[in-house]
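Below is one structure, written out as structure tokens; comments come after it.
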Amino acid sequence: GAGDRQPPKDKWSNFDPTGLERAAKAARELDASRHAKDALSLAQMQEQTLQLEQQTKLKEYEAAIEQLKNEQIRVQAEERRKTLSEETKQHQARAQYQDKLARQRYDEQMRQQQLTNEENLRKQEESVQKQEAMRRATIEREMELRHKNEMLRVEAEARARAKAERENADIIREQIRLKAAEHRQTVLESLKTAGMIFGEGFRAFVTDWDKVTATVAGLTLLAVGVYSAKNATAVAGRYIEARLGKPSLVRETSRITVLEALKHPIKVGKRLTSKAQDALEGVVLSPQLEARVRDIAIATRNTKKNKSLYRNILMYGPPGTGKTLFAKKLAVHSGMDYAIMTGGDVAPMGREGVTAMHKLFDWANTSRRG
């Protein structure tokens, strides 16, 4: 039957007043009750409690809203920071790209400038070569013209000289004939005079035996004197060379000569006042070889002190290993002189090499220090 009901005409058609009636009845009962005031106070307290709860919720809502606002502000700040960082990256990338483009443009400009400079330099070189070729051609042309003019002048002078000689040939021949006759007459007269003088002198010399004897004796004494002086000079020269000089084969020596003392007095004085050095000072060797070489240096020094017989030493090895340096140090350490020579200087002398070697050993034997 509900489906047969008509719909209400207004909103109050279905209102049920029983609820209001119950409420009014409860209110009258409450007013008549002796706990009305307590109920009212309780209702007020409940209302206040509700209000406080509402205020608390409102404050919580406001705090939540404030927190949301702060979170929104933080998010916005983070977004802004990210945006600024992204913009900064974009600016940096743009600046790097612009810098790259600028460098590329600069490199291109420099390359173009270099190409331009090379082209200008090539053009200048071509221009200089052309000018040099023109100058060379001009000089060659001038030299050719000068040579032609010189040849023409020489030819003209030769023709003129030949013409003059042909015209003056008779006069020249007569002059030559007269000069030749005069010269022949002078030579004949000189020969006659010299023959007469020489013949008379030779005749007078031959007839006087005292003059002949004195002349022969004088010539003999003269020959003996010349031969003796030559040999004496050679002996004295060798003696002086052996004592004072230095043989040509000696390249370097510690022996002090008179000429060296006169040329370098300060250097010679320092060498004379210097103390004996260690034989291995400045020489770098392996420990085993160093010990062996040091024994040789000590033995040589003791041999020098005791005036005994020396041992012979043969040092071998590639260049630059310290052979000559140790030999010098050994001589200085032992108080002896040293002299350096090489066989390459003896070979080109040929037969004179033997004489040079004898001079070298004679010079070495004159050393007071050994």
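If you go along the chain as it appears here, the first residue is 1 and each next one adds 1.
Glycine is treated like the rest: Cβ placed from N, Cα and C.
Predicted automatically and left uncurated, TrEMBL annotations should be read as such.
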As TrEMBL has it, coiled coil corresponds, among 154-184, 185-215, 216-246, 309-339, to residues 154-184
On average, residues of the domain 'ATPase AAA-type core' (313-366) score a pLDDT of 87
